[in-house]
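Mind having a look at this structure? Questions to follow.
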Amino acid sequence: GDLGPFNPGLPVEVPVWLAINLKQRQKCRLIPPEWMDVGKLEEIRDQERKEDTFTPMPSPYYMELTKLLLNYASDNIPRADEIRTLVKDTWDTRMAKLRLSADSFVRQQEAHAKLDNLTLMEINTTGAFLTQALDHMYKLRTNLQPGESSHSQDF
């Protein structure tokens, strides 16, 4: 799409890739998203720890945005180190919940799972493990149950 013209000193919304490119060339100052605030992130982390289910995140790309903005524009983000820690704590809490729910899913031999409020990055992090676990469960079930495919051989 069309971008610009840009007027000095006036904030404008642009794609993240352009903002980072301009920041790297020292042509702009980045303004972090509204949710990238220590107080708000503490609330999100605490809520995530209280709930048994996954809580909605402020952005479906919260991890990616945090990593990009803190890597390329930490000088424009107040209390950047605290923000990094809070997002990491929230991530760790969510990953622990995901491992526990995956463990429960496998142990109870479920066939369906509901993954509300997970981001794509969180799903992709455990996707390979879950598909392999389900594949192994399927193989174990089919080998344990007598069927037409398992014939004994007489020697």
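The backbone N, Cα and C atoms fix where each Cβ goes, and this holds for glycine too.
When I checked TrEMBL for this same protein, it listed these features:
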type   : residues : note
DOMAIN : 1-31     : domain 'DNA replication complex GINS protein PSF2 N-terminal'
DOMAIN : 35-139   : domain 'GINS subunit'
Considering every residue in the domain 'GINS subunit' (35-139), what is the mean pLDDT value?
89
In terms of Cβ proximity under 8 Å, which residues at least six beyond the ends of the domain 'DNA replication complex GINS protein PSF2 N-terminal' (1-31) contact it?
65, 68-69, 72-73, 76-77
Provide the three-state DSSP residue tally for the domain 'DNA replication complex GINS protein PSF2 N-terminal' (1-31): helix first, then strand, then coil.
9 helix, 0 strand, 22 coil
By DSSP, how many residues in the domain 'GINS subunit' (35-139) are helix, how many strand, and how many coil?
76 helix, 0 strand, 29 coil
